[in-house]
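Enquirer: The following feature annotations were taken from TrEMBL:
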- 1-20: signal peptide (SIGNAL)
- 230-272: region 'Disordered' (REGION)
- 232-271: compositional bias 'Low complexity' (COMPBIAS)
- 383-628: domain 'Peptidase S8/S53' (DOMAIN)
- Asp390: active site, charge relay system (ACT_SITE)
- His421: active site, charge relay system (ACT_SITE)
- Ser583: active site, charge relay system (ACT_SITE)
Amino acid sequence: MVPKTFIFFAVSCVSAVASANNLFSGLDTVLTQGNGNYIIQLNQTICIKHFVPRFIDNAFDIFSHTLGADKIEKRSNRIVRRDTDLDQVHVFDAYDIGGSFKGITVQFEDLHIVRSLLTSFNSEILKIIPDMDVEFDLPTNKKSELLKRYYLRQVKNHKSERAGNFDFDHYEHDENCPYAHDKRAKTTTTKKASCTAGSLGKKKSDGYWGYCCSSQSDCRNKCVSGKCNGPAKPKTTTTKKAATTKKTTTKKTTNTKATKTTTANSPAPTNDSTCLPGSFGNSLGNGFNGYCCDTQADCLDNCVSGKCNGPENEDTPSTTSTANSFATTTKQVAESTTTALPTPVNTASYAKQTGAEWNLVRVSQRSLDLKKPYIYDSDAASDIYVYVLDDGMNIGHKDFGGRAKWGFSAYKDISKLGEGHGTHVAGIIGGNTYGVAKKVNIVAVQVLNEEGNGAISSLLAGLQWAANDAKKHKGKAIINMSLGLRTGGGSSSTYKAFNEVISSVVNSGIPLFAAAGNWASDTCDVLPAGNKDVFAVAATDNTDTMAWYSGYGKCVDIFAPGSDILSTYITSSSSTTTLSGTSMASPHVAGVAALLMGSMENPTSVEVYDKVKSIATSNVVKDAIKNTPNTFLFNGQQLTEKI
């Protein structure tokens, strides 16, 4: 957002220690800064779940000498006073992002113990950085004739309590932690002895039906109770199938209606005479090809006309050549539907939204003509997930159509709505009326409290949660951060650590789109936009002119609409408001990326960035400041000349 609605972060200069050898150099100064919490960056080889109990044990021993062991007690990842129940030491955040950044955030009530505590871990701790409060500010727009705020609310004076992301009992061992392998080995020994040995340690394609497994990765399909429940191992011999009529269905990848193929002049046999008894009432894994079925739940694959049409059990002998009959059926269906299937070049199904907001119309055009409709791929992005790291979200807004879900909050007992900024951003990404990608899935990640305040640790916690959750959607996840931290060109250890986390997230395969900043200054001095691995977005108005407030410079990647953008809001399930800023420009690009990623096979972040750039329109932005790439967002639609 901009000066009538822009993001302002104030962070004091901080210092941290860069290596174990000088961990204590300047420590006294470090401990006088920040908000009382400290981000401790750990060696990458450290196992966090193993480290934290040792850290707490050492802290307890130190406190015991000063307060007495009877005055304090350990509670998992905390030490509390018995008389006041107040935390003395609390490890509330843990970070393991992309395997390249590990750390914890710790609250110390008494800083006198820190030096003694660090002495025990000086070979395991890389840096200690004071956590800093940041502010999400919404001042008036001084260039507006109406000197008003877009969102007026009295700011409360209390400090919201952080909700840590570290729960020791449920925290999984790091992937490179040796204790994780010990756990896996223990689990493997408890598996049932009825499975066939041989799949463990092999490639996924080697884990066939009946083989032992420890996890999903050991099997070709599912790992169920220590046994691979995947497709049967291919047969090397087949028997000739009798000339009978069989009703077969094949699903098309375009989700069109199944097509039936039958042999001419030969009636199909009834299910009662052809299916094998035994699948009813059994679990999903027991319904195999040829068995009777009542519903989909009775079969491993499809229940077709009362008969399971899934992979066959290796233990059940087959009297027909499943592979040959399937290949023939597939070919017949393909031949009968070839003309109905789109070619690879024209796989999109484009739709027109008449009367759309100017910003949507503009990103589906090569040249400015706001009287035209918004053209977009109506089938795209339904399998894409965009994580909106912001101040909250009105996930029940009607324009989201049920596609917005709550993910994570870095704070306790606060409104999930925030100040409305996150809801507005999400609407631009994927609202039915106001959004670029109208089928995308939106996930709310609250890193700022309801007053617009946050901390470096809350940003890191949000990034950690999003990175973990995105593992379920590999190659299908995006992060949007319409917020910024103005560094003023500084290179403190705090900024370096934040930069390192951002890069770790992006390099793990999650493209990150961010606002270029609203100070009319060099975007290279803004985080996360100034990070070399982030896709930074500057703003234009409805005349294709660079917005007066927009960040600029070589760190900008693209321009998108940002001024006077109408989108979803928080006052009701159908409310809207108009806001301006690079905060509004960034979600346009995140939406376009979502439209494009559906047709990309497990792309890297760089491949997504390159795709967005490759279809962008060049040299249409007016008054673009020198050294700022003059490229404007385009959503890739192919019907421009036909509308």
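Quick reminder: no glycine exception, Cβ is built from N, Cα and C everywhere.
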Enquirer: Note down the number of other Cβ atoms within 10 Å of the Cβ of Ser583 (active site, charge relay system), including every protein chain shown.
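Expert: Excluding its own Cβ, the number within 10 Å is 33.
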Enquirer: Within the domain 'Peptidase S8/S53' (383-628), what mean pLDDT does the predicted structure show?
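Expert: A mean pLDDT of 95 is what the model gives the domain 'Peptidase S8/S53' (383-628).
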Enquirer: Please work out the number of neighbouring Cβ atoms within 10 Å of the Cβ of His421 (active site, charge relay system), leaving out its own Cβ.
Expert: 30
Enquirer: Distance check, please: Cα of Asp390 (active site, charge relay system) against Cα of Ser583 (active site, charge relay system), rounded to an integer number of angstrom.
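Expert: Cα to Cα, Asp390 (active site, charge relay system) and Ser583 (active site, charge relay system) are separated by 10 Å.
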Enquirer: To the nearest whole angstrom, what is the C-alpha distance linking His421 (active site, charge relay system) and Ser583 (active site, charge relay system)?
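Expert: Checking the Cα atoms of His421 (active site, charge relay system) and Ser583 (active site, charge relay system) gives a distance of 9 Å.
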Enquirer: Within 10 Å of the Cβ of Asp390 (active site, charge relay system), how many other Cβ atoms can you find? Include all protein chains, please.
Expert: 30
